[in-house]
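Chemist: Sharing a structure, written as structure tokens. Questions coming.
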């Protein structure tokens, strides 16, 4: 069938409280529309004044998600990519900081012809132009735009005003606003309360926006009476009020929304026909594997410095869910704070009890670095499956240099500038860089794999492309010496100058990568390295169980 020439727009806003799951809602709706044969693009607008989240603390913002083209973006873009299996780009994430920067640059060039620069029209016009820009970058049927923040926040007002004007400009059949709210359950009264949702919609109405669809998060299903009440006070028909009951996993949300017929509702309001009915079989299969794994639980220790805030490692956690489903197991992450491992009274054996694999996570800064190096040593000496990502790979290199190659005090120049053995060093092109924001080696780069390695076995091919975010690299001055002692260069840049993957001879599964494989894992396409790592951890678990059984049997006799 012929596709509509007009791109349809869906704007997702949130009210009552933050962290309701606008990103998951947007990604889930996008996945449903894609399953109907529609081409979907998705973008996030963040109200903070930072240019991007690249320099923000993981404790405040969580993970920085890097795109193929090297943009440092909001972690919601990870949800978009994982759910839709579509690559995002720099154009997929916009901040108020970038908007203001553009407007000020325009003013300095004289683009406004001496006029007084104001929020309306100049800032709003720039926002509208950016919001429509993504639609021009491909032959899309639908563009979903998530607006960050909560309705009522002063920071989000320009984005909401831009949306209001766009709806007037494009027409109601070409732009739909879905408003996500909370319907809290009060245990003492044993009932759901609709008043917060009513007030949230009232705030939208005060700035000239009538939401087209309400999606109501709740602990319990919404009754027909509740939906009718919400619709009555929010100027909506009952069918425009969609219930979103809490799900066991985020991967059930597309199924819940499809059950509520939100995809059909959206298409009806946009007057858009889909090429085919929604196909959610893969989602049902995946959800079943996640909830009911056939082969039990595999516990993997993740060592990092931000473990008190798991959102800092969001893509790693999700990658384990994907790889676990592929291996018919549930991966249980046991967080291991790297600073705890530096304490003299650290009970390592207790910490490792039941662990079947160790992952040393990426990060920056000296804090906790010796703890990471210590856990690498333990994984190497005890032949525990090991996976090091970015800084984790660098820690593995340092540990091997110190404890196997006799390079006492070996380190990274990130932490010890004048170390005798700088096995990890600043990249040459980074030496003249002064600014921190957006200046690392960012984005997708090719890597050539060596055959007869765990990496090659996982990928099944020689050439791969992976995403990066780093300033420091393996120092090639020590490549020959480390290789002679059993360290394997399993992957490198096409020119051979940048070491991308290291492994160890004689170890069951020891892989360190300079890139970030977690950024390319998808719901229906788990990352090969995570699949391989979890598979080896599963084997380790089973072997330890047999060993424990045999040991117990001997002791009993």
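Heads up, the Cβ atoms here are built off N, Cα and C, so glycines get one too.
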Chemist: Using only what Swiss-Prot says about UTP binding by 18, 193, 194, 195, 196, 197, 198, identify which of 44, 227, 229 is listed for that site too.
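Modeler: Swiss-Prot lists 18, 193, 194, 195, 196, 197, 198 binding UTP, and from 44, 227, 229 it also lists 229.
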Chemist: Select one of 30, 363, 365, 443: the residue that Swiss-Prot places in the L-glutamine site alongside 59, 391, 392, 393, 394, 414, 471.
Modeler: 363
Chemist: Given that Swiss-Prot assigns 19, 20, 21, 22, 23, 24 to the ATP site, pick the one from 69, 74, 76 that the record assigns to that site as well.
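Modeler: According to Swiss-Prot, the candidate sharing the ATP site with 19, 20, 21, 22, 23, 24 is 76.
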Chemist: When you look at 19, 20, 21, 22, 23, 24, 76, which the record names as binding ATP, what is the longest CA to CA distance in angstrom?
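Modeler: Maximum Cα-Cα distance: 12 Å.
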Chemist: How many whole Å apart are the CA atoms of residue 154 (CTP binding site) and residue 24 (ATP binding site)?
Modeler: 24
Chemist: For residue 20 (ATP binding site) and residue 518 (active site), what Cα-Cα distance in Å is obtained after rounding to a whole number?
Modeler: 24
Chemist: Look at each of the recorded positions, 193, 229, 516, and point out the one with the fewest other Cβ atoms around it within 10 Å.
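Modeler: Across 193, 229, 516, these recorded positions, the one with fewest Cβ atoms within 10 Å is 193.
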Chemist: Kindly state the mean pLDDT of the region 'Amidoligase domain' (1-272) in the predicted structure.
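Modeler: Overall, the region 'Amidoligase domain' (1-272) comes to a mean pLDDT of 95.
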Chemist: At its widest, how many Å does the recorded CTP site span between Cα atoms of 18, 153, 154, 155, 193, 194, 195, 196, 197, 198, 229?
Modeler: 30
Chemist: I'd like to know which of the recorded positions 20, 390 has the most other Cβ atoms within 10 Å of its Cβ.
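Modeler: Top count of Cβ atoms within 10 Å goes to 390.
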